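Enquirer: I grabbed these lines from TrEMBL:
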ACT_SITE  Lys6  active site
DOMAIN    66-144  domain 'GHMP kinase N-terminal'
BINDING   Pro94, Val95, Ala96, Gly97, Gly98, Met99, Ala100, Gly101, Gly102, Ser103, Ala104  ATP binding site
ACT_SITE  Asp136  active site
DOMAIN    202-276  domain 'GHMP kinase C-terminal'
Amino acid sequence: MRAPAKINLHLGVGAPRPDGFHPLVTVYQAVGLYDDVTVEPSPGWTLGVSVPEWIDADAVPVTGANIVDRAARLLAAHHGVEAHAGVSVAKAIPVAGGMAGGSADAAAALVALDRLWELQTPDDDLLRLAAELGSDVPFALLGGTALGTGRGELVEPVPDPATWWWVVVPSTEGLSTPAVYRRFDELAPDAPDEPAGAGTLLQALESGDPEVLAGALHNDLEGPALDLRPDLADVLEEGEEAGALRGMLSGSGPTCLFLAESADAAREVAGALAARHEVVLVTHGPVAGAHVVTYG
Ligand code: C5P
């Protein structure tokens, strides 16, 4: 199974709910950076993770504490079967980067193990299990472009007819999502219960015009994330100076994201950023959610 990274084109955050989670109105877009999850029959449970040289292997949670272990246990418990499988995860989505790489792995593992164990879990059940694993795991199943509400786990597809080009600059050090939400609470103690709506962004998507989209991008977690990592403001500025229509943080960061006018413009911006940054990726969205690459 292959599962995509996500970015948030709109991320409106409200005051924390009684359960501690924040109400969100978000627009997710799946982009063409993927983690691959391979499963095979095994008498017990094994999980191996491989990373490209630019990802710090120590940053990936070890076997037993990885979200893929939790996904397997949850699916097995739901059906009363043994969680036996040999699983390997090949990562290419930045770790702890605000691109939901762990959520992509969990979504891919749910679907792959459902097939391996011949469980035929209905889609609604898979989405519910996904939501238990993390707020943005249901979106990783769905892919494309979707409106996310609740704590981000309630997803519905929205029209997004164009292809958008993005330049992605991962950070060598991750940022903890809970820490960014805590900083949000400190900086916005009077945040409204209702998060900022996504109407402008949804209209911008339908326009198909990158300049219109650039003006509509919105991320309420950018302020708190930049407060924790002021160095990232310079990266955002560099990308905009290099010709990006707009730079913003991906979700809770620290990955920096740049919207470009076209594929060629994205490559140009990436070329300029590569002089100062070891890893600069060019990608596009929307793309499909978790899907089978080979089967049988
Ligand atoms: O749901 P997930 O496990 O991805 O969330 C990680 C953490 O991010 C939560 O424990 C919480 O601190 C924070 N979070 C939040 N509100 C959300 C989503 C996540 O406060 N809507």
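Just so you know, the numbers here start at 1 and follow the chain as drawn.
Yeah, the Cβs are placed from backbone N, Cα and C, and that goes for glycine too.
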Enquirer: For the domain 'GHMP kinase N-terminal' (66-144), DSSP counts of helix, strand and coil?
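Expert: Taking the domain 'GHMP kinase N-terminal' (66-144) as a whole: 46 helix, 7 strand, 26 coil.
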Enquirer: Please spell out the DSSP helix, strand and coil residue counts for the domain 'GHMP kinase C-terminal' (202-276).
Expert: 43 helix, 11 strand, 21 coil
Enquirer: Work out the three-state DSSP category of Lys6 (active site).
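Expert: In the DSSP reduction, Lys6 (active site) maps to strand.
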Enquirer: Enumerate same-chain residues with a sequence separation of six or more from Lys6 (active site) and a Cβ-Cβ distance below 8 A; give 'none' if the list is empty.
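Expert: Within the chain, Lys6 (active site) has Cβ neighbours under 8 Å at Tyr28, Gln29, Ala30, Val31, Met99, Ala100, Ser103, Ala104, Asp136, Phe139, Ala140, Gly251.
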Enquirer: If the ATP site is taken as the center of the Cβ atoms of Pro94, Val95, Ala96, Gly97, Gly98, Met99, Ala100, Gly101, Gly102, Ser103, Ala104, which further residues of that chain fall within 8 Å of it by their Cβ?
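Expert: Here the non-site neighbours turn out to be Ala5, Ile93.
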Enquirer: As a test of the contact definition, list every same-chain residue at least 6 positions from Ala96 (ATP binding site) whose Cβ is closer than 8 Å to its Cβ.
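Expert: Sequence-distant Cβ neighbours: Ala59, Gly174, Leu175, Ser176.
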